[in-house]
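Note sheet for the following structure.
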Amino acid sequence: MGQYCGQGQLEKKPLLFYFNMMKCASPMVLLEFQCPTPQVCVEKCPDRTMTLVTAVGKIESEDWGYYKSYCRADPGTKSVPQILQEKLCPAYLISSKPFLQRCFPSLGKKGEVITVGDQETFNDGDKIRDAKDLVAGMKNATIVMEGRQVAMKIFEDYTKSWYWILICLLIAVVVSLIFIVLLRYLAGIMVWVMIVMVIAVFAYGIVHCSIKYVNLKDTPGANITLQQLGFQPDFSVYLHIRQTWLAFIIILAILEVIIIIVLIFLRNRIRIAVELMKEASRAVGYVMSSLFYPIFTFFLLTIVIAYWGVTAVFLSTSSEPVYKVFNETVCPHARETCIPENFTLSNMKRDCPRSECLFAFYGGETPYHKYLIFLQFYNVFLFFWCANFVTALGQMTLAGAFASYYWAPNKPNDMPAFPLCASLGRSLRYHTGSLAFGSLILAIVQIIRVLLEYIDHKLKGAENKFAKFLLCCLKCCFWCLEKFIKFMNRNTYIMVAIYGKNFCRSARDAFFLLMRNVIRVVVLDKVTDFILFLGKLLIVGLVGIFAFFFFSGHTDAFKGAAPSLHYYWVPILTVLVGSYLIAHGFFSVYAMCVDTLFLCFCEDLERNDGSATRPYYMTTELHDILMKDTDAAQTPTSRDMAMQLAALDKTMEN
């Protein structure tokens, strides 16, 4: 009835009592998160063991009055079959003890035999059962109870800390803006500062975890393994285990070593990437409104997600509750659809007296319900298409704005008055078809991946090794295909923004241009992406360290202000994820600027030769450092390949 024991009208009844604990042993309990038996709130758990038949036989005695206190309603003078049929009272009472606001049977042991109320058996109103039969029901009821309590505690933590989470996310916004502004004026210094600080943050994490690991050395119970501990609803228990901190040390150390090794190999290329970052900083400085464009993209994505979510909910809730026949013994009607209102008078009940009509799932057996899964897949496909369209619109808009900076002969005087608005207008007016077509290709690949995941989920219990291998290969191939299409779409939109050609022709031009400059793509563009990724990690690390000290209460300065939480990792994880998304939104503008300038640079080299009649549009500093490095890195073989690709491109144009 949507009520809680111990609250409101039930304030004096704080304990939950299950009519039939045996029903909790059903596997459906873990699927539906509910024991299929009536439950009532009581003042105290029963301390006697008796059956309904016994209590009704002593209707004038004190036992009947005691028994009625555990009924849903006063049965009056109704017979035992009527009471059980209407589920007014439990068929039996078992001596129980309160545990976490629930009444659980008082189980004990006599040697190796499980007992309840000092007895090895009990009467469930129908037959004599062993006390051990209650164990499975208690175990499932405990899982349900713990799962709900964890969910409630997490929700309660959010209600207590949501405004502090918003403050931390606001700090992430401020830090990201500071980094962007500093990159505008101190690109070279900031790149090296980011690299050093990322290494320092990871090093601090390793030192902090090592201190925790050493301090738990002599703590009782800290040396047990995670496997021995098993699943615990109170996740703070894991922080008292040495193996948890050892795992953190290993993970952070591996990441630290990987970053250091990559930096050692890229030390000569970082200098080149810094020049590209400086040029990108100048471009962003002339188009400052581009820093806030991700907010517009986020707003459009919110609309797309909301539309998808509402449609998915309407489709899901258009189903009807389906009830199936459940029986503990062999029954010819097992798992057949039934109607609970008249089940007791049906032939199914007559053929299987011990069967029950229980809720199975939401669905239906009409043609409409059979096609609901296809409608859901269609809704997911539309979501992918619209989300990719919004993302593509943002990429093309930014590419057009930064391209107008690069191709301006006299920067910034020859740039449009409002380059971002002008680029957005061009994208929507002239290139909507290209955006929709590129998004459609990507959405088709993504929906195929979803279908493969769905098939993999359905075939989880299959033993066919070849089918599993084939499915794994398909998933890997389509993952790679999706990444390739995303990369090509991004560069295609840049070419569309520069020349205004259609999607297919721009995709071909972008592909051959990248292949003719494959050395530069690997050496410069990807190194810059790696540096920007380190910047995101740094922002997440700084905000995450602040959130850890604030919410964990390990620092005296924050003990009075920090809210009292069940799981302090809940707001910390939320802040980490939110900070990364915020940093990604700001740095994605830089990444798009770098990609646009890089592609414009490659195109500039092929269209112009630096003479008076065909001067370069790039700055002198960018030309000197990019040409010097790439000429040294480009081997004769790669030059030959570039010439062959150029010839092939000319042939295709003819």
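Placed from the backbone N, Cα and C atoms, the Cβ positions cover glycine too.
Remote same-chain residues near the transmembrane segment (162-183) are listed as 190, 194, 277, 281, 284, 291, 535, 538-540, 542-543, 546-547, 550-551, 562-563, 571, 574-575, 578-579, 582-583, 586-587, 590 (criterion: CB distance under 8 Å, separation of at least six residues from the stretch ends). Taken from TrEMBL, the feature transmembrane segment covers 162-183 (among others).
Per TrEMBL, the feature transmembrane segment maps to 189-207 (among others).
The transmembrane segment feature in TrEMBL is assigned to 245-266 (among others).
Summarising the annotation, TrEMBL assigns transmembrane segment to 286-310 (among others). Same-chain neighbours of the transmembrane segment (286-310): 177, 180, 379-380, 382-383, 386-387, 390-391, 393-394, 397-398, 401-402, 405, 411-412, 415, 418-420, 585-586, 588-589, 593, counting only residues six or more beyond its ends whose CB sits under 8 Å from a CB of the stretch.
The transmembrane segment feature in TrEMBL is assigned to 380-408 (among others).
Residues annotated as transmembrane segment in TrEMBL: 530-553 (among others).
The transmembrane segment annotation in TrEMBL covers 565-583 (among others).
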For the transmembrane segment (189-207), distant same-chain residues with Cβ under 8 A (at least six beyond the ends): 179, 182-183, 248-249, 252-253, 255-256, 259-260, 263, 270, 273-274, 277, 531, 534-535, 537-538, 541-542, 545
